[in-house]
């Protein structure tokens, strides 16, 4: 456990997050002192709650969690527009802190019985643990994520909603495999709190962790075997039927067949152990029952005006998410695409790119069948299910308005975008499925009998996680007719938390070969700051007026 001084990277990340968000808040308070856009509804509603008036504005469709927080902090901060906005400064800093804790939890814990290789008078292996820096840098980048950071200076729901979902995920990671009563109560409580901020959080506090928990429990229940796992389909199915084997493999090595086997073997293992499935999933089932009861009682998922927020099936949302992730995480995902160009450079420059983990040494070429199915499904979704909400076309203050204006310039453009959707999906999948770059040298050291005190990094992303992440993302966005960058915040963060970075601080003899620092993280920080500065500058200083509302300044935002 690193001490306060040893954990300086986290403190630096928190300080940077606080300074950036506070600077942003001060600028907004100076240039936009009055409530803007959705704040026009949120601020008066919160001030009503502060005054003890709980009557509901029917134009507000989200739950009252934001206003309850305002009520709780009224004695400390008051309920002016500026003080209400300041609540999100604390929330964005807590997001940085919780993200860091999640990243540390995701790292494989060092075996307590493993011998330590302490040299040169080092008393604590954490002193040279570079993963502290890597994880703090990643947590900082999550806090700087533009669609999230932007709203840290406005009184919107998104920042606090994201914080509570991350707390739920953190609690899930800290649970025991089969759970206990106290953990179940905590899971239900934090899940209910999350639902008080946004209805679609049900998929991230119930469906997503339930799927992961059930698969973890089924894999733990299956008898361990010293023999090699079967690779032939018939043998895998037979082993699943006889012993409850769940077929799971690293994402980077997976084929379409592996995904099919995952679904089938999970179903077989679940039928063999229904009591176990119910035991593990019970707190999440309680959340689902509570949510369903609310929907039945309310007559709809949304509160207030239900006419403008009717649920529908909007499959292209699962196409839009890939360029969304690829754009904001460009320094992390462009490696495979940049590698052919890097290979044309002199050897010393190639080594430099590899040393700082900018380009991967290998990347799996996509299967023809998977490419064909994706392209076919995407064309069908675009042709039959493209939905452009009236709000999207009516409000030119949102960047999505201009994206769809491009897509609507010619009927062919939306079809020409399909290959770009696939390219982005392939890059994003490669990024999260990659193995830590120092995995091989550490493996060789252990095989050669050399003890190591190095924290090895996380287990490579498994297809079970990726499948459940895809399912939860789909459930949370395909029912929304409106395309909003904010709807993809939580899917991006969960994905980002699982993107591996260079793992541990390598021994000195290996540092000369590969750098301990993943330079992509620094490039990502710079990229996110560039986007943040550009968007905030445009919001503050590049306003415009509508002819229908002369004298009233309109501002661009997500």
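Cβ atoms here come from the backbone N, Cα and C positions, even for glycine.
A TrEMBL annotation is a machine prediction, not a hand-curated record.
Here is what TrEMBL says about this protein:
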type	residues	note
SIGNAL	1-25	signal peptide
TRANSMEM	84-103	transmembrane segment
TRANSMEM	148-169	transmembrane segment
TRANSMEM	181-197	transmembrane segment
TRANSMEM	203-220	transmembrane segment
TRANSMEM	284-303	transmembrane segment
TRANSMEM	319-338	transmembrane segment
TRANSMEM	368-388	transmembrane segment
TRANSMEM	463-483	transmembrane segment
TRANSMEM	526-544	transmembrane segment
Check: Based on Cβ pairs under 8 Å, which of the stretches 84-103, 181-197, 368-388, 463-483, 526-544 lies most in contact with the transmembrane segment (203-220)?
Finding: 463-483
Check: Can you name the far-off residues of the same chain, 6+ from the ends of the transmembrane segment (463-483), with a Cβ under 8 Å from a Cβ of it?
Finding: 200, 203-204, 207-208, 211-212, 215, 246, 248-251, 254, 258-259, 262-263, 266, 310-315, 317-318, 320-321, 387, 389, 391-392, 400, 404, 429, 432-433, 490-491, 494-495, 498
Checklist line | Positions whose Cβ lies under 8 angstroms from the transmembrane segment (148-169), at least six residues beyond its ends | finding: 20-21, 24-25, 27-29, 35-36, 38-39, 42-43, 46, 62, 65-66, 69, 81, 84-85, 87-89, 91-92, 94-95, 98-99, 102, 142, 187, 190-191, 193-194, 197-198, 201, 204-205, 208-209, 486, 489-490, 493-494, 528, 532, 535-536, 539, 557-558
